[in-house]
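According to TrEMBL, the protein carries these features:
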- 141: active site, proton acceptor (ACT_SITE)
- 134, 209, 211, 243: Ca(2+) binding site (BINDING)
- 136, 150, 250, 254, 369: substrate binding site (BINDING)
- 243, 263, 267: Mg(2+) binding site (BINDING)
- 18-126: domain 'Fumarylacetoacetase N-terminal' (DOMAIN)
- 133-374: domain 'Fumarylacetoacetase-like C-terminal' (DOMAIN)
- 399-423: region 'Disordered' (REGION)
């Protein structure tokens, strides 16, 4: 049965009452001179403050959670409290925000303090990320890139089918959606001339990578591994992740220790963490790992034990607005799915800690680029343009053009709990035809990259989405 809320939620919203993803934001309260940081959940086009609700006496009975767990401005303490606390908070919030419950609905003062229009907040990182590891878990992506550089016969390295390959990233340069990033400088080999001497300058091959990341919940003591059977209990939820990459810098520097300055200049995540409870109706199998069979500590039982989630993924590139006030329009350049993983997040957790490495609440585990088998499902420009050989045409979809022209894609308005109008939002799906916006081998300054992710609601379930992970590429500083 679908859940109903007294807060209006558009039918195509990413954030129905069945979702309630967690995040952190700044909100300038009426009459205040400085914004205050809140943590809480998204519902429709609103942010619901668990900080205010707990201060008002709600959300107090959370097993394993310390007192005032929502008063710290980030979610690390709540993430570390464990699944019993997460489920209790989710159940209490669904009841409080339900259409039939009056404790919050019938208290105008508390509603004003606790329910903030999303258009008026500034989203922050949901947690302090102490450590970030990026994996390489899509077989399609690893095969495509390996074939590009080593030929089809040697596409996968000998270890790839035996363990989830990963490298340690840089947590200080992780930013939330909405933050613009600058083109990096670094050492590169000149593209022409046959020289083996590098030069230093701006990267000419800036790329996006379509990823999903697991946000760690409870950690583990140093020296104690997390068994595979318990690994999912250490995952608080998932976010979209754009691993911004400078391919020319990466190509020169990555041997023998892997990526460094080609990757460490920016990584971006969607600000709302979608919980595993919200994703459970969309659980999906992963491909078998029988040839070769993995070692026992990574060996998962058949579905539903070995699983991922059916999350549709898309990437849009929006070039800068044209001259004469021509509006900026988005072109969808890839569509993939979280089912295009070979290694599960549970296997990533188990392997990461197998030697005794300790994870901590808020740590981030990136999936690596998620590519599929079909045309247009590659998760980065490196694959889409085959290393820059084939330019990619950016074409605005028909629905995007209709929205620009005020047509049927605009959708009706609804009225929020404070009387304000809210939009119905955009509808997913490809149109037929449109306008060519340009061609790309790699990103140009002024391009905005938007990652989207959602689980289609069908068969009595509502759509559950991730919102957007969006950032604009600016020139070098």
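Our numbering is plain: 1 for the first residue shown, then up by one each step along the chain.
Placement of Cβ uses the backbone N, Cα and C atoms for every residue, glycine included.
Using residue 267 (Mg(2+) binding site) as the reference Cα, a 10 A cut-off selects 243 from the recorded positions 136, 141, 243. Ranked by Cα separation from residue 134 (Ca(2+) binding site), the recorded positions 141, 250, 263 are led by 263. Counting other C-beta atoms within 10 Å of each candidate's C-beta, the recorded positions 141, 150, 263 are led by 141. Farthest C-alpha pair in the substrate-binding residues 136, 150, 250, 254, 369: 19 Å apart. Over all protein chains present, the Cβ of residue 211 (Ca(2+) binding site) has 28 other Cβ atoms lying within 10 Å. For residue 136 (substrate binding site), the same-chain residues lying six or more positions away in sequence with a CB closer than 8 A to its CB are 142, 160, 164, 165, 166, 368, 369.
Around residue 209 (Ca(2+) binding site), the same-chain residues at least 6 positions away in sequence with a Cβ under 8 Å from its Cβ are 241, 242, 243, 244, 245, 368, 369, 379, 380. Cβ atoms within 8 Å of the centroid of the Cβ atoms of 243, 263, 267 (the Mg(2+) site) belong to the same-chain residues 134, 169, 170, 209, 241, 242, 244, 245, 259, 264, 266, 366, site residues excluded. Sorted by the number of other CB atoms within 10 A, the binding-site residues 250, 267, 369 start with 250, the lowest. On a Cα basis, residue 141 (active site, proton acceptor) lies 17 Å away from residue 263 (Mg(2+) binding site). Here the candidates are the recorded positions 141, 150, 250, 254, and by Cα distance the one nearest residue 211 (Ca(2+) binding site) turns out to be 141. The C-beta environment of residue 254 (substrate binding site), restricted to residues of the same chain at least 6 apart in sequence and closer than 8 Å, consists of 260, 262. In the structure as shown, the Cβ atom of residue 134 (Ca(2+) binding site) sits within 10 Å of 26 other Cβ atoms. One way to see the shell of the Ca(2+) site is to take the Cβ centroid of 134, 209, 211, 243; the remaining same-chain residues with a Cβ within 8 Å of it are 210, 241, 242, 245, 267, 366, 367, 368, 369.
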